[in-house]
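Asker: Take a look at this one; I'll ask things after.
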């Protein structure tokens, strides 16, 4: 075969391969999206494990994990919805979008709320009072309508299933997302960076003002950790990063080894922040800082680097065990704290003493088992409803 004939032959082969890849969905963009999803889902699994550990004796891990969850939420939602048609403007449309996003977890929220309610009813039966009944009714209403973080009273923040406060925050973040994305899509790269930096500076100044004002620990905790309006700040920062990632002109030319070093640096930065929070070192270790702004830079940096997916840490987090745990994490998040309460009740009833490591492993494994069971049950129910 002549040189020209060989060239034509290889061009035809390449053409048909690209056509087949496109028909089967194996485009370069699809591969990038899969890599992005897998590496970031691995980070989600690590954050979920950190939440469980925070309720088993390492409370300083919780704020880092929640900040990572918010960063992942804003970043991934922006990447997923950037090219989709804009939802209709208006309050009703925003609420509908929020309800659509949380409806998958809402049945489990109600189930775990009912499971936690048994403890309240047990207490009411032991000490019946009109005030207790009213308090129980108020907690029910607040939990059902996800209003925990909108009431500046510690009596309601963690009522019934304590971790459901995050669902309350997420419902608000989902509602503001459509108009927020519409605004951010109009901004160029320079303006997106400015928006992210300005919002972070405002959050830092607000935290500094809270610290300087000498507010109580509960007030500072609410204003900088639970308050949905404050959380909208780091959510917006992560949305800006999602827009910047989506608008990249080309892949970075840095080799994989350099990205591995950058990922390691981001992990070490997060570790340093965790040390400051755990030991409450200096101003950054104060309540006004250690529940949010202390962790925002490292969380956003980790999300960005793992989304690029060129380093060894991103490849490790893309392993199947991490992806499996990430798939169960939304269910496990709502299940694990009520499970801990039942385990504590059982241990107290039978006078059991369990080593902290064994206790933590048991909590985590049981959470994964219950989450897997609920996920399978949910899938079966959805299949039956689809057939009707």
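Cβ coordinates come from backbone N, Cα and C, glycine included.
A TrEMBL annotation is a machine prediction, not a hand-curated record.
TrEMBL lists these features:
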- 38-371: domain 'Acyltransferase 3' (DOMAIN)
- 64-83: transmembrane segment (TRANSMEM)
- 106-125: transmembrane segment (TRANSMEM)
- 163-183: transmembrane segment (TRANSMEM)
- 195-214: transmembrane segment (TRANSMEM)
- 220-245: transmembrane segment (TRANSMEM)
- 257-277: transmembrane segment (TRANSMEM)
- 289-309: transmembrane segment (TRANSMEM)
- 321-340: transmembrane segment (TRANSMEM)
- 352-374: transmembrane segment (TRANSMEM)
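Quick one: where do these features end up spatially?
Answerer: In the predicted model, residues of the domain 'Acyltransferase 3' (38-371) average a pLDDT of 93.
With a threshold of 8 Å between CB atoms, the same-chain residues lying at least 6 positions outside the transmembrane segment (106-125) that come near it are 132-133, 136, 139-140, 143-144, 160-161, 164, 167, 331, 334-335, 338, 341-342, 345, 374, 378.
Only residues 6 or more beyond the boundaries of the transmembrane segment (163-183), in the same chain, are considered here, and those with a CB under 8 A from a CB of the stretch are 51, 66, 69-70, 73-74, 77-78, 81-82, 86-87, 89, 93-95, 97-98, 101-102, 105, 109, 112-113, 143, 146-150, 157, 226, 228, 231-232, 235-236, 239, 333-334, 336-337.
Cβ atoms under 8 Å from those of the transmembrane segment (195-214) belong to residues 184, 187, 220, 223-224, 230, 233-234, 236-237, 240-241, 283, 286-289, 292-293, 296-297 of the same chain, restricted to positions at least 6 beyond its ends.
Long-range contacts of the transmembrane segment (220-245) within the same chain: residues 63, 66-67, 70-79, 82, 148-150, 152, 154, 157, 165, 168-169, 172-173, 176-177, 180-181, 184-185, 187, 189, 192-193, 195-196, 199-200, 202-203, 206-207, 210-211, 286-289, 291-293, 296, 299-300, 303-304, 307, each at least 6 residues beyond the stretch ends and with a Cβ under 8 Å from a Cβ of the stretch.
Long-range contacts of the transmembrane segment (257-277) within its own chain (CB-CB distance under 8 A, at least 6 residues past either end) are made by residues 60-61, 63-64, 284-285, 290, 294-295, 297-299, 301-302, 305-306, 308, 310-314.
Same-chain residues lying 6 or more positions outside the transmembrane segment (289-309) and placing a CB less than 8 Å from one of its CB atoms are 32, 35-36, 38-40, 42-43, 60, 63-64, 67-68, 70-72, 75, 79, 200, 203-204, 207, 211, 221, 224-225, 230-231, 234, 237-238, 241, 245, 252, 259, 262-263, 266-267, 269-270, 273, 276-277, 280, 283, 315, 317-318.
Listed as Cβ neighbours of the transmembrane segment (321-340) (distance under 8 Å, sequence separation of 6 or more from its ends, same chain) are residues 38, 41-42, 44-49, 51-52, 55-56, 104-105, 108-109, 112, 115-116, 161-164, 166-167, 363-364, 366-368, 370-372, 374-375.
With a cut-off of 8 Å between Cβ atoms, the residues of this chain six or more beyond the transmembrane segment (352-374) that come close are 49, 52-53, 55-57, 108, 325, 328-329, 331-332, 335-336, 339-340, 343, 346.
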